[in-house]
Amino acid sequence: VSYTDCTSGQNYCLCGGNFCGDGKHCEMDGSENKCVDGEGTPKRQTSGPSDFEEFSLDDIEQ
């Protein structure tokens with residue numbers, strides 16, 4: 001199941017031939033598109049400090 005990147009914060013989003021609104025998002029399961037309550041699948045957040053291990057300058061100068 002995949003979702004469009006329209007979120008429930010938008011008033012309207014196109015879901016196949018249907019318009020989703022009122023806090024719904026478009027869910028696509030391959031055979032049909034339907035408007036469902038809630039948010040779509042979250043996008044990956046931008047890289048943050050937790051994505052990298054800390055190292056000291058001494059580790060670089062080898």
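Placed from the backbone N, Cα and C atoms, the Cβ positions cover glycine too.
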Candidate annotated as O-linked glycosylation site in Swiss-Prot, where the set is Thr7, Thr46: Thr46
Separation of alpha carbons, Cys35 (disulfide bond) and Cys15 (disulfide bond) (Å): 7
Densest Cβ neighbourhood among Cys13, Cys20, Cys35 (disulfide-bonded residues), 10 Å radius: Cys20
